């Protein structure tokens with residue numbers, strides 16, 4: 001067996017900086033820059049889902065429940081709004097959107113029926129008073 005010892009560092013420092021050699025690979029990378037491949041460069045796109053804003057219509061449902069509640073539509077809309085908020089807190093965006101859509105539809109109907117009932121409760125007594133008064 002051949003045992004030879006190679007020293008990579010000189011034991012004596014004469015006060016001058018060591019002599020560095022430029023390696024061929026380092027020189028080529030510095031001169032050439034980016035590698036030249038025949039294939040076009042590819043890119044990776046990462047989609048990070050931002051928190052989707054799902055309106056739960058709780059305030060609107062509460063308004064319809066307290067002030068105009070024809071056929072209990074406001075109360076039912078409030079229940080669906082709370083379910084939508086619960087689904088959103090869990091992270092189920094699809095379920096939250098489904099419950100919110102139902103709550104919105106119920107709120108629209110509750111508002112329309114409430115306005116119609118209010119108008120009729122004002123118009124009918126006025127018409128009766130004019131007819132018999």
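Heads up, the Cβ atoms here are built off N, Cα and C, so glycines get one too.
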**Report entry** Which listed span Swiss-Prot calls intramembrane segment, if the choices are 37-57, 58-78
**Finding:** 58-78
Query raised in the report: How big is the gap, in Å, between the Cα of residue 72 (S-palmitoyl cysteine) and that of residue 104 (ubiquitin cross-link), rounded to a whole number?
Result: 14
Query raised in the report: For residue 88 (ubiquitin cross-link), which residues of its chain lie six or more apart in sequence with Cβ-Cβ distance below 8 Å?
Result: 54, 56, 96
Query raised in the report: What are the DSSP helix/strand/coil residue counts across the topological domain 'Cytoplasmic' (79-107)?
Result: 27 helix, 0 strand, 2 coil
Query raised in the report: Measuring Cα to Cα, how many angstrom lie between residue 83 (ubiquitin cross-link) and residue 104 (ubiquitin cross-link)?
Result: 13
